[in-house]
Amino acid sequence: MVRRLRGDCMEEVERAKAVLKENNVRQVLCAFADVRGYLQMFSIPAREFVDGSAFENGIGFDGSSVRGFRTIEKSDMVWMPDASSLKIIPWIDDPIQKSAIMFGNVYEAWGTEIADCDPRGYVAKRYEDMLKSEGMSAIFGPEIEFFLFEGVDFTRLSWDMWVSPNGGAGDSWGPPRIMPISSELESGYMIRPKEGYFRPPPEDTTVEYRNELVYYLEQLGIDIEYHHHEVATAGQVELDFKPKQLVDVGDAFYLYKFAAKNIAAMHGLYATFMPKPLYLDNASGMHTHQSLWKGEPFSGEAVFADPDDEYMLSQKARYYIGGLLEHAKALTALCAPTVNSYKRLVPGFEAPIYICWSPRNRSALVRVPMYVKKPSAIRVEYRGVDPSCNPYLAITAQLAAGLDGIKKKIDPGDPLLEDVYELTPAQKRELGVGELPTTLRDAIDHLASDELMQEVLGSHIFDAFMELKIDEWNQYCLYITPWEFMKYFDI
């Protein structure tokens, strides 16, 4: 008998069938994520869900063709639909192309048990269910940043003979690099590097795109709280949506990226979630706000809130922060999982590289926002995340680290109220402020020695992730960059 983790009640299935029929949907895009965090998708005619047995039996596929899933001799797997996640794709009007998207969990052969390679069903859903069994819940609000480019040519390099990355110290040239195309770099109303934050049009060339993206995201059930141009030039933007629980926030992340890329393509543009595409400008992050609740979010008790505390923080919130700091180095492998991620985690670009916590202070890895002084608004923000991550893994790992802090009563120490970037190395040592890993290789080494993270991922995903990331690092180490030719050719 087929077991489903989510959306298996007849009411949800019948609702989904009605939505498909009422909207004359022709195709359903069946979605899931691989271990790396890449969205995977295949199409099934809607009639297979409305009149056929796709909801009951799922859809079989080749798991050996998905990175990190199965080897060829064990390749038969079953995608089981989550009827509650069905959404009509709102920008498709052509009746021939009319489509919906639905997430699902991945099962082993015959559809009898959840596959331990599935980030959504095996990792995120498992932890969400664990919280519910204890009468608890958690919500997460990621601040997803990305760039909107007009074009990019991977075969063309730009360079500047007289530009110094060190303000005149050391080398006096800017290395050859790929330079994306953006009118924000070329027009009379150009935005200079690091001067894009909250810029209005006409300097901000992305506002009409953002307005359109908000329109479609809200039809997909993603309520946007606010959006704006970000710090970097060349079309860096941020759109923040209201917080969601663990599985739903992962689904929303993928819907967000799917919509952002498709709306961009409709206008001949390119949306990229690559963390650091621009040299000497800010990178894209995904600061993740989170809070714990007894019962349901907002209607239950806010676990992190204590009205009598100076920062409105309960002792459990402090222990939660302690857990995040304790596991920060291992978390970095999951939260910043690409070689490019570590071009973001450097001083001088508003990135959190120091392991400490603080209220209001954006130089700390963990920040306690101080906007609204009421229990339901009290939360912690983990800033060491970027949008190249797999949210089902990265956000679940943050939750697990925080819960481990509560379980073990890990004291985070006093908050650091100074600008950490301005402290001397001696001052940081005296205060016990550590640093995040500086390369992907360092991060995966820390992940390898963290037993909690191994428990969160399970042995299969842990081993697959390690293998994929070690291979990625080795590929990078073999590549000879244009910078090396500029630096060393005349030795």
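From the backbone N, Cα and C atoms, a Cβ is placed for every residue, glycine too.
Swiss-Prot has this to say about the protein:
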BINDING   Glu143, His287, Glu381  Mg(2+) 1 binding site
BINDING   Glu145, Glu230, Glu238  Mg(2+) 2 binding site
BINDING   Asn282, Ala283, Arg344, Glu350, Arg362, Arg383  L-glutamate binding site
DOMAIN    23-111  domain 'GS beta-grasp'
DOMAIN    119-491  domain 'GS catalytic'
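Distribution of Swiss-Prot features across the structure.
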residue	record	DSSP (3 states)
Glu145	Mg(2+) 2 binding site	strand
Glu230	Mg(2+) 2 binding site	coil
Glu238	Mg(2+) 2 binding site	strand
Asn282	L-glutamate binding site	coil
His287	Mg(2+) 1 binding site	strand
Arg344	L-glutamate binding site	coil
Glu350	L-glutamate binding site	coil
Arg362	L-glutamate binding site	coil
Arg383	L-glutamate binding site	coil
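If you take the C-beta of Glu238 (Mg(2+) 2 binding site) and look for same-chain residues 6 or more apart in sequence within under 8 angstroms, you find Glu143, Ile144, Glu145, His227, His228, Glu230. Of the chain residues outside the Mg(2+) 1 site list Glu143, His287, Glu381, Gly141, Pro142, Gly285, Met286, Thr288, His289, Arg367, Tyr382, Arg383, Val385 have their Cβ within 8 Å of the site's Cβ mean position.
Residue counts for the domain 'GS beta-grasp' (23-111) under DSSP, split into helix (H, G, I), strand (E, B) and coil, are 20 helix, 35 strand, 34 coil.
Residues Val231, Gly285, Phe349, Ala351, Pro352 surround the recorded L-glutamate site, their Cβ atoms falling within 8 Å of the Cβ centroid of Asn282, Ala283, Arg344, Glu350, Arg362, Arg383, which are themselves excluded. Only Arg383, of the binding-site residues Arg344, Glu350, Arg383, have a C-alpha within 10 angstroms of the C-alpha of His287 (Mg(2+) 1 binding site). Across the domain 'GS beta-grasp' (23-111), mean pLDDT in this model comes to 95. Note: the CA-CA distance between Glu350 (L-glutamate binding site) and Glu381 (Mg(2+) 1 binding site) rounds to 15 Å. Apart from Glu145, Glu230, Glu238, the Mg(2+) 2 site neighbourhood in this chain, defined by C-beta within 8 angstroms of the site C-beta centre, holds Glu143, Ile144, Phe146, His228, His229, Val231, Gln236, Val237, Leu239, Ser284, Gly285.
Cα separation, Glu381 (Mg(2+) 1 binding site) to Asn282 (L-glutamate binding site), rounded: 19 Å. Every protein chain shown contributes to the tally, and the Cβ of Arg362 (L-glutamate binding site) ends up with 14 other Cβ atoms within 10 Å. Farthest C-alpha pair in the L-glutamate-binding residues Asn282, Ala283, Arg344, Glu350, Arg362, Arg383: 15 Å apart. For Ala283 (L-glutamate binding site), the same-chain residues 6+ apart in sequence whose C-beta sits under 8 angstroms from its C-beta are Ala232, Pro275, Lys276, Lys343, Arg344, Phe349, Ala351, Asp386.
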